Each structure stands twice: as structure tokens, then as C-alpha cells.
Amino acid sequence: MTKDKEPRKDHTSGRKNFGGEPPVVCSFCGRTSHEVNSMVAGPNAFICDRCILSSVEILRKEISAIRHPEKTSEPAFQPRLKSPVNIKESLDQYVIGQERAKKSLSVAVYNHYKRIDAHEWTAEDEVEIEKSNILLIGPTGTGKTLLAQTLANLLEVPFTIADATSLTEAGYVGDDVETILARLLHASDFNLERAERGIIYVDEIDKIARKSANVSITRDVSGEGVQQALLKILEGSVVGVPPKGGRKHPEQQLININTKNILFICGGAFEGLDKIIARRVSKSSMGFGSKVKDKQTGYDPEILKLVTQDDLHEYGLIPEFIGRLPVMSALDPLDASALRNILVEPKNALVKQYKRLFEMDGVELEFTDEALDKVVEIAIERGTGARALRSVLENVMIDIMFELPTLKDVQKCIITSETIDKISGPVYEKKDGKERLTA
């Protein structure tokens with residue numbers, strides 16, 4: 001009898017495995033005894049401590065909902081934790097290029113939500129994993145905002161975008177940093193638990209760099225002062241937020257938000273940062289990449305990948321602020337080939353969107369290769385990357401979409417390079433196939 005009981009004690013010990021026996025596997029979640037603190041054995045089945053606690057929480061909520069139906073609310077959403085490979089594959093469907101940035105983001109996001117999941121099971125004497133906020137560096141229109149937005153959609157977590165240029169220190173004209181959290185709360189439909197697991201993208205973060213390396217007697221209310229104000233919410237703290245946004249006032253009721261599990265992604269063009277890096281890095285150590293400059297941006301597309309915290313400090317970010325953004329990734333400028341692919345390849349590519357709109361009117365939309373090349377050419381001239389593609393197409397398509405619903409018997413609309421240049425309108429094909437009309 002003693003020998004029969006002894007293995008069961010080993011099985012329920014969780015992390016230990018005496019006698020060289022294979023680890024026990026939880027029948028519910030599949031975790032092994034090495035991954036949990038304890039394992040309870042039953043007839044032909046095992047259950048780990050994590051599944052037990054999860055079951056208790058589920059039952060507690062169900063009982064509470066029965067006893068207090070008026071207090072029943074949507075349960076906190078736990079993002080489905082996908083592997084970095086799966087996250088990147090999902091990003092690939094919407095974002096063209098930027099392979100390095102997508103890998104960095106995938107790993108950072110995976111570790112962030114794994115950290116949240118593991119926090120409840122971490123003993124006080126175990127290693128606590130710090131938050132992996134992210135800094136994206138790259139020219140305008142390279143996909144910084146799109147990457148953050150796509151990640152939030154993929155994980156189905158609340159998401160909001162804030163413009164750093166609108167932020168000022170408390171007491172000055174402009175937005176407090178707390179307004180960022182208020183927007184996230186709105187995005188979560190005031191579900192506090194969901195908001196506390198959301199993602200915030202702070203754009204134009206380079207614009208709050210310290211204006212001068214010299215200490216001034218005048219306050220830098222939109223530069224270093226904002227960096228100091230952002231520190232508190234970046235590192236994780238409980239912040240009182242006005243539910244309707246705007247400035248705080250003494251008589252206003254505040255909602256306390258814990259930012260410990262909110263992922264912050266900051267992005268900026270950081271114009272001139274490449275020159276700071278170039279001064280630090282000798283030509284010999286920069287290698288072959290140092291001689292190749294991007295035609296649109298005028299800087300070496302590889303040089304930003306060499307950025308260090310010291311470079312960012314020289315640029316104007318304070319060390320404490322840089323330290324709150326441990327994951328840094330530089331995005332590549334988009335060349336003509338990448339812009340052309342962005343037009344047609346992503347799951348929600350602009351060309352696909354317009355084709356779907358025309359399809360709703362029973363008309364097939366076609367872009368000639370020359371037309372797409374012309375769109376890319378104009379976008380490159382504007383110098384705003386992928387952002388220019390939509391404005392170029394919208395400028396052309398607005399008149400066509402205005403008159404299309406009133407045209408009869410049209411089955412196909414062909415956009416040519418002349419259409420993009422506004423030399424002539426599109427070519428319409430009628431349903432009988434015999435008549436071609438040029439607008």
C-alpha cells in the first residue's frame with residue numbers, strides 16, 4: 001500500500017519527479033508537472049493548480065451572476081496568446097516588408113501578454129518580468145501606426161492612438177497625459193479590466209525630445225516636461241482618469257486605471273537621428289551599408305538599426321524615458337517596389353477595397369499596370385510613403401465613384417495611367433461588350 005501511494009505524492013508535487021518517472025500531464029490544459037506548483041491526481045486523470053484556480057474563478061463569477069444579476073458585466077478579455085511566428089504571419093497579411101520590425105514586435109507582444117498571464121502564478125520570491133514597451137523609429141509612412149493597429153486587432157484588445165505633440169505638462173494649455181488613458185477607457189466601452197490590458201500607440205514621440213541640451217530657466221512644457229509626465233504611466237502605476245476626458249478638477253470623480261499591464265508602443269520619424277549615429281560610428285565599422293542612401297529620405301536605410309540609448313539621449317530623450325522603452329526597432333524606408341506591393345498585396349490593400357466598393361454596384365474594377373506605376377510615382381514625389389497612396393487614389397476615384405451609380409449597363413471600369421494623370425477619364429465597358437465609353 002505504501003508503494004502505491006508514494007508515486008501519487010510525487011505526481012502531486014508538481015515540480016519534482018522522483019525515480020526518473022516521466023512528468024505527469026494535466027488532463028485539462030496539457031501542462032506538465034514541471035510547469036506548475038502542484039498536480040492533483042484522480043482516477044485516470046490529473047488536474048493542475050492553475051486549472052483548479054481557473055475553475056474556482058469561473059464558478060465564483062457564475063454564482064455571483066445568479067445572486068447579483070444587476071451587477072453582471074462583460075468578463076475581462078484574456079488575449080489569446082499566439083506564438084511569435086503566428087503573430088508575424090498575421091502581420092504579414094496586412095503589412096508589407098519591415099521583416100525585422102515585425103519579428104521584434106511579435107516577440108515583444110508575446111512576452112508582454114505571457115508576462116500578464118504568468119503574473120498571477122508568480123511567487124513573491126521568483127523573478128518578476130518587466131514590461132516590454134516598444135519604440136518604433138522610421139520615416140513617415142513606413143507603417144508604424146499600421147503595425148500597432150494590426151496587433152491590437154489581432155489580439156482583440158482595446159486600442160487608442162495619441163499624438164505626442166498635443167501633450168503638455170499639467171497646468172498648461174494642451175492635453176494631460178491622463179487623457180491618453182481616458183481614450184483607452186472609451187475604446188474599451190468603460191470596461192476597466194479590458195482597458196488595463198489594452199495597447200496605446202503614441203505617435204510623433206520624437207517631437208517631445210528636449211529642445212536643448214542646456215538646462216534652461218524656462219520650462220519645456222511640451223518636451224522634457226511631457227517625458228517626465230509619461231514616465232509614470234509607462235512604467236506602471238495607478239492613475240486617476242477623468243471618465244469624460246479633459247483636465248482634472250478637484251470635484252470631479254476619477255476612475256483609477258492600473259497601467260502595469262498596458263502595452264505602450266511609441267513611434268517617431270526622428271529626423272536627424274541618423275546623423276547622430278553616423279558621428280558615433282566610423283565609416284569602416286559601418287560596412288557596405290554606409291554608402292547606400294535612400295533616394296527619398298536621404299539617409300542610409302541601415303544606419304538607424306545601429307541606434308543606441310546614448311544616441312536617443314543625445315537626440316533629446318531623457319535616460320529615464322528611454323529606459324521605459326526597452327524594445328527598439330527601426331523601420332525601413334519604402335521603395336517603389338514596396339509601395340507597389342502595398343497597393344495590391346495586403347489583405348485590406350487599397351486596390352482590393354476599391355474593387356469591393358465597385359463590386360457592390362455590380363461593376364468590375366480594373367487597374368492597368370501602368371496606372372499602378374503612376375500612383376506609386378506620384379506617391380514617391382510627395383515623400384510621405386504609403387500614406388500618400390490613399391490620397392493619390394482618392395483624388396482620382398472620387399469623381400468616378402460620384403457618377404458611377406447613375407451610369408446604366410456598365411459592367412467594367414478600367415483605370416489607366418491617363419486616368420491617374422487626369423488626362424482622360426476611365427474606360428467603361430457596357431454589358432453587351434460592344435460599346436466602350438471613355439469618360
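Including glycine, each Cβ sits where the backbone N, Cα and C put it.
The Zn(2+) binding site annotation in Swiss-Prot covers Cys26, Cys29, Cys48, Cys51. Its own atom aside, the Cβ of Cys26 (Zn(2+) binding site) has 21 Cβ atoms within 10 angstroms in the protein chains shown.
Marked as ATP binding site by Swiss-Prot on the basis of sequence analysis: Pro139, Thr140, Gly141, Thr142, Gly143, Lys144, Thr145, Leu146. According to its DSSP assignment, Gly143 (ATP binding site) is coil.
The feature domain 'ClpX-type ZB' is assigned by Swiss-Prot to 13-67, with sequence analysis given as support.
Non-local neighbourhood of Gly143 (ATP binding site): Val95, Ile96, Gly97, Gln98, Ala101, Leu331, Leu334, Gly385, Ala386, each in the same chain, at least six residues away, with C-beta under 8 Å from its C-beta.
DSSP gives Cys48 (Zn(2+) binding site) a strand state. Under 8 Å, Cβ to Cβ, and six or more positions away along its own chain, Lys144 (ATP binding site) finds Leu136, Gly138, Tyr201, Asp203, Gly267, Leu331. Excluding the listed site residues Pro139, Thr140, Gly141, Thr142, Gly143, Lys144, Thr145, Leu146, the same chain places Gly138, Gly267, Leu331, Gly385, Ala386, Arg387 with Cβ atoms within 8 Å of the centre of the ATP site Cβ atoms. Report note: the Zn(2+) site is defined by Cys26, Cys29, Cys48, Cys51, and the residues of the same chain whose CB lies within 8 Å of the CB centroid of those residues, excluding them, are Ser27, Phe28, Gly30, Arg31, Val36, Met39, Phe46, Ile47, Asp49, Arg50, Ile52. Separation of the C-alpha atoms of Pro139 (ATP binding site) and Cys51 (Zn(2+) binding site): 47 Å, rounded to the nearest whole number.
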